[in-house]
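*Asks:* Take a look at what TrEMBL says about it:
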- 7-29: transmembrane segment (TRANSMEM)
- 88-111: transmembrane segment (TRANSMEM)
- 131-151: transmembrane segment (TRANSMEM)
- 163-187: transmembrane segment (TRANSMEM)
- 291-313: region 'Disordered' (REGION)
- 300-312: compositional bias 'Basic and acidic residues' (COMPBIAS)
- 367-389: transmembrane segment (TRANSMEM)
- 433-452: transmembrane segment (TRANSMEM)
- 472-492: transmembrane segment (TRANSMEM)
- 559-577: transmembrane segment (TRANSMEM)
- 583-600: transmembrane segment (TRANSMEM)
C-alpha cells in the first residue's frame, strides 16, 4: 500500500513525468520484499502491452498513409460539421469497432481520426475568424458589455454601455464610422437615455452646419481651379531650387488646408508635385523612383519606345527627395487644418462639444479667437517640421551627406523646372470670371467669420440683431450666394449694343459657381453623422449624469501639476490618433476632458484645445489620417520610411501643442473656471447654523448677515460666513 499511495500521489500531481513514476516498482518492489526483480520486470511487458504497442504502431502506419484524414473528411461530409453531429458519428463508429477489437485498439485506431477531424475543424475555424472577425466582434461586444446596464439600473450606466460599444466600433472600424455614429439614434431612446427629438437634434447643431458649409465653400473654390493657379504662382515667386520649391509647396498647402479639408488640400497638391518631380527626372536632375526602369534616351527628338515589362515588376521605391516632397504636403495639410475651426472636422467636433458642455461660455470660442490662438503655433510647427524633413531626407546641415549632394546637383535644373511651371501656369489661361467670383466669395466668407463678433469691437452680428448669430449663418450665406451667382458673365451681352439678336438668342444661361452635383461628389457626407454622433454622446452623458460620474472618478488627479496632466493628455492623444480616426478620438476624449477640467477647477480649454490639436497630429502611419494615406498610395512610400520621417514632426508638435496654451493661450483666452455641477436639496453648515437650501445663490447671498462667495455657476457649490450683528 505504501508504494501504491506514493505512486498515486506522484501520478495525480504529476510530480515526476508519468513514465518515471511508473518505474518505481522496479526499484521498490524487490528492495521492500514485495516482488522479485524478474517478475516485476516481466509485468512491464505483458501481452496486453504488446497488443497496445502493436496497435499504436498499426495506427501510426495507417496515419502515415493519410487514410484517417480521408475518413475524417468523408465523415464530416456525411454527418455534417456541427460538433454534436460529428461527436455522435464518431461515438457510434468507435462503439461498432470496439465490438470486434479490444477497447484499447479501438481507441488507438480512432485517435488519429479524431485528431485529423479536429485539425480540419481548426483550419476551418481559423479561416472563419480571419474572414468574419469584424462581424464576430460586432455581435460579441454588446453581449460582453451587457452586465454594465443589467447590474446597474442607473441611466448613467446605460449611457456608458452605449459609449463603450461605440468606442470599440470606432477604434476597430468594425462598421463604417458614420454608421457607428448612428447608434445613439436607436439606442438612446430605446434605453431611456435621451428622447428621439433631443437625440436627433444633436446631429444637426450649428457647429455641424458651419463645418458642412465650409466644406461646400471649399468645394466651390476648388471647382474654379483658383487654388491651382495660386499654387503655381507661389512656386514661381519662391523659386525652383529643391529647398525653396519644397518650402513654397509646403506653405501653400498649409494655407489651402486652413480653409478646405486636409484630404482635399493634399489631393489638390499631389498632381503639382508629380509634374515638378517628373520634369526634374526627365532632365536627369534626380530620380523619382530609385528602382524604376527608365526608357532609353530619345534620338533625333523622337520619343523612345517604353521598355517592355518582364515577369513580376518590383514595386517602385521612392527616392528620399520624392519622400520629402510628398510627406511635406501631407504634414502641411495636417498642420494647416489646425488653423481654423473649419480646417478639419476635429476642430468642429471640439466646438460642438465645448458649446454643449459649457453653453454659458460658448461665445468665448469663435472663429476669430480660435484662429488667433492656433495660427502662431501652426506657423511655428510648420517651419520646424519643414526643417526636420529637410534634415532627414535632403541633408540640411549635413553638407557631406549623400542626400545633400543629390539636392545640390539637382539645383542646377531650377531654370528648366521654372520653365515647366510657367508653362503650366500659361495653360490655365487668363483668370476667369468663375475664379474671380469664387475668390471674392471666399474672401467675403473669411471676413464675415472674423468680424461676426471679434470681441475687440462690435461685430456685424451685434449690429443686425440681438439674436444669437453664429458662424453657420456665414457658411450657408456664402453657399447660397454660390448657387445664385453665375459661373460666367454672358448675361452682360444683353446690355451691349454690339451683340446681334441671333447671338443673344443662342445664349444659354451660365451654370452657377457651384452645382449640387459637384457638392454630391466632393462633400464627405458621412462626416455629418460622425460629428453628430459625438455631439449626441455628449448630450446623453450630460443628461444621464455620466459626465459627473466620470468627473468624480478623476478626483485623484487634483494633486497633480496641471502642466503634467496636460502633457499626459497630449501624449496619449497623439499616440492613439496614429491608429484610428481623428474625429472618433475627439468625440471620445473631449467630453472626458471637460469633466476633468471641472474636477481640477481649471479652464476647460486648457485641456480641450491642445487635445483637439493633438488629435490631428498623426505622422507615422498611413492609416493615421487621410493625407498620409493619399501620399503613401501615390508615391509608394513604405511605412518604415513614413515612421522615420514622422519622428521629428511628432516631437516638435508634441512640445509646441503642450506649451502653447499655458503661454499663448493665456493671452488670447480670458480664464474661466467651471464648477463641478449643481447641488440639489443641499445643506451647508454655517458657523453652527445649518441652512437648508433649495434655491439659487442669488437669493442666499441677499440674506442679511451673510457674506457669500458666488461661483460663476449660480446653482453650484458655494461658501458663506455668518456675520453677527454689531449692535
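Placed from the backbone N, Cα and C atoms, the Cβ positions cover glycine too.
Curation plays no part in TrEMBL annotations; they are all automatic predictions.
Neighbours and distances for these, please.
*Replies:* For the transmembrane segment (7-29), same-chain residues at least 6 beyond its ends with a Cβ under 8 Å from one of its own Cβ atoms are 35-37, 40-41, 43-44.
Using a Cβ-Cβ cut-off under 8 Å and counting only residues 6 or more beyond its ends in the same chain, the transmembrane segment (367-389) has close neighbours at 246-247, 250-251, 254, 324, 327-328, 331-332, 335-336, 338-342, 347, 351, 396, 449-455, 471, 609, 613, 645, 648-649, 652-653, 656-657, 660-661, 664-665, 668-669.
For the transmembrane segment (433-452), the list of distant contacts is 217, 220-221, 223-226, 229, 259, 340, 342, 366-368, 371, 459-461, 469-471, 473-475, 477-478, 481-482, 485, 487-489, 513-514: same-chain residues at least six beyond its ends, Cβ to Cβ under 8 Å.
Listed as Cβ neighbours of the transmembrane segment (472-492) (distance under 8 Å, sequence separation of 6 or more from its ends, same chain) are residues 206-214, 216-217, 220, 342, 432-434, 437-438, 441-442, 444-445, 448-449, 452, 461, 507-515.
Sequence-distant contacts of the transmembrane segment (559-577), counting only residues of its own chain at least 6 positions beyond either end whose CB sits under 8 Å from a CB of the stretch, comprise 585, 589, 593, 596, 600, 602, 606-607, 610-611, 614-618, 624-625, 650, 653-654, 657-658, 661-662.
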*Asks:* Near the transmembrane segment (583-600), which residues from the same chain, at least 6 beyond its ends, have a CB less than 8 A from one of its CBs?
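*Replies:* Distant Cβ neighbours of the transmembrane segment (583-600) are 163, 167, 170-171, 177, 345-346, 349-350, 353-354, 357-358, 527, 530-531, 533-534, 537-538, 541, 547-548, 550-552, 554-555, 557-558, 562, 565, 569, 573, 576-577, 606-608, 611-612, 615, 674-677.
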